[in-house]
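Taking it in order: structure first as structure tokens, then the write-up.
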Amino acid sequence: MPGLVLFGRRWAIGSDDFVLPGAFELFVRLVWWIGILVLYTVHKGQFNCPGGGLLHSYLLGLILLLASIICALSALVYISMQGTISNPGPRKSLPKILYTRLLLYFPEFIWAVVGAVWVSDNSVQCEKTVINGVIGTVIASWIIIIFTIIGAVIVFDPLGGKKTFYLPDGVSRNLESSQSGQLLYNVKSSATRVWEKRIRLLCCCIVQDDDHRVAFTSIAELFRNYFSDTDLVPSDIAAGLILLHQEQDKMENCPKEPEEVLCHSPSSLVTDDLDVELENAAHYMLFAAAAYGWPYYVYTNPYTALCKLNGDCCRNRRTDSDITGSDRHNFHFGSILKITGLQYRDFIHISFHNKIYEIPFFVALDHKKEAIVVAVRGTLSFEDILTDLSADCEDLTLEEVLENGFVHKGITQAANYIYGKLINDGILNQAFTIAPEYKLVIVGHSLGGGTASILAIMLRNSFPTLRCYAFSPPGGLLSKSLADYSKHFIVSVIVGKDLVARLSMPNMEDLKRRIVRIVANCNRPKYQILLRGCWYEVFGGDPDDFPTELDGRNQDALTQPLLAEESLMVHRSPSYNALEEESHLNSPPQYPHLYLPGKIIHILEECSSRRLCSSDIKYTARWSNETVFSSILISPKMITDHMPDVVLRALKSLSQEHGSCLSCQTREYNPSAL
């Protein structure tokens, strides 16, 4: 729903967001009020001790104050429970009640000060129980006041006080006029500055240079464009994600058509090719995981990693190893050695250098597969996050591709950095001098997978036989022409409902539209959606069948946005800034469609407990295409399916299963066994 307007500005909280926090505070206040009432009743007539007169007045005033607060909270919770997310009409009186509740903080603050003064007075010699009760009251009062201030800071919207830029319906906007154009420019600039300040605050601990400042501005504009055209508060988004997850689960539980099942039946040739690629992927995923260094090793071996690394930290490195960047105590290199099982002499170059657009990588000789492996690290620092979020598009022209290709800007700059190191610094020449018959393989996970893919495209002309394995790469990476070109030498591996593999600006816009639509059309109050959604996520069960305004509407009507849906777009809302001229629900896409690189292996859980952790998880894999990842899926595993240890475990499981099947077939057809 539109954000609550209070004190003449918009806040990042809705009028239906006071049910749960208000009910919790109401419970605390009721217990508190009953306790003070019992304390006053039991000790009534016993206030003749030094300081007892002030104590009597304090307790009596506190009882009345708590009773007033309880009444205000009861009315606040009741009004907040009315209506739906897109129908705030029944809650129109809530601001007045909220003003009343906020006014009661002034006497509560005064009473907390009086109680603190009374407790600190050494001349007070009343009963110990009474003194402890007053101390508890003072502490509780200050805790509630402090948490209220923190809550106000959290829901404060820096843009909430800006003037609304909108015109009545039927009046055309003349954005060419100097007045309206300047106003729109000022609002957009203010929004960009707010987002830039937030990003700078999050990255305050890293050294900032010109590259960082450019990235901050670019990312701020990206966030401003994405969030500027809706008037949703965070709880609306949470409710929308819950509704989408349950709707998605209901769709998955529907039986598939026979034609849909048959179309996924692979031929034996495709299956054999898949088995080979899965075996290779399981092997090279070790290198992609090793690129994370000691954080990954400690994460996967929490009880023994530090002891093992401490035993190696004092060993001397090879003097001829080409190592750049900081690696105190040899933890990173030691972890890479343990994860890959390689020797010191197998490493050609290792870089731990990390800046924005410059990510760590290493080059090693893999004698088992007779390959020179370039492993690129994924996201592990604020600099890496900035590289990920630099999601503008830039051109990448190749002679083999007729159409000019678009690529992710930040990841492409990271690939350019590694390309310069490999070619200009002669690292690959050195590697092929040592092992001229080896093939070149480039691997990486997450950001590393995206960087490895673009790096492979850049190196394809010089090394026609190279292969690339991209594990869980970002979805918004390559344009269609480049994605098709990369299918000859890149294999992407995606597990389950991995969020990152589906993460692109068009997909994010689609998710926003879906959230707006399902939130606007749901006829249940938000608190019911959140409570039932939390129960469903934790304990499972059947998805709730929430009634919506879509029920009973004909197909033609479903293509038109509802009034409630349009009310959540800022150009219709007088409570927030209209930064865009038209609703984005039916507008053409702002960003070009970018896709996953190469051929795609999609790994799914075949059978496991949906809610509880299970060590007996079986996986199934199949070739997939980019259209499967054209929508973000909501799931509790959308983050965990992206983790490198989950990807490695799935690949090892499939590789071992394939190996056991081959051994079974060998025994079955062994003539000596007949």
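The first residue you see is number 1, and the count goes up from there.
Including glycine, each Cβ sits where the backbone N, Cα and C put it.
Nobody curates TrEMBL annotations by hand; they come from automatic prediction.
Per TrEMBL, the feature domain 'Fungal lipase-type' maps to 373-505.
The feature transmembrane segment is assigned by TrEMBL to 18-43 (among others).
Per TrEMBL, the feature transmembrane segment maps to 55-81 (among others).
Listed by sequence, the residues of this chain that lie at least six past the ends of the transmembrane segment (102-119) yet keep a Cβ under 8 A from its Cβ atoms are 51, 54-55, 58, 61-62, 65, 68-69, 72, 131, 134-135, 137-138, 141-142, 144-145, 148. Look at TrEMBL and you will find 102-119 (among others) tagged as transmembrane segment.
Annotation comment: TrEMBL describes 131-156 (among others) as transmembrane segment.
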Practice task
By DSSP assignment, list the helix, strand and coil residue numbers for the domain 'Fungal lipase-type' (373-505), in that order.
Solution key: 56 helix, 31 strand, 46 coil
Fill in the blank from the handout: Long-range Cβ contacts under 8 Å made by the transmembrane segment (18-43), restricted to residues 6 or more beyond its ends, are 59-60, 62-63, 66-67, 69-70, 73-74, 76-77, 80-81, 94, 98, 127, 129-130, 133, 137, 140, 144, 151, 525-527, 530-531
Completion exercise
Across the domain 'Fungal lipase-type' (373-505) the predicted model averages a pLDDT of 90
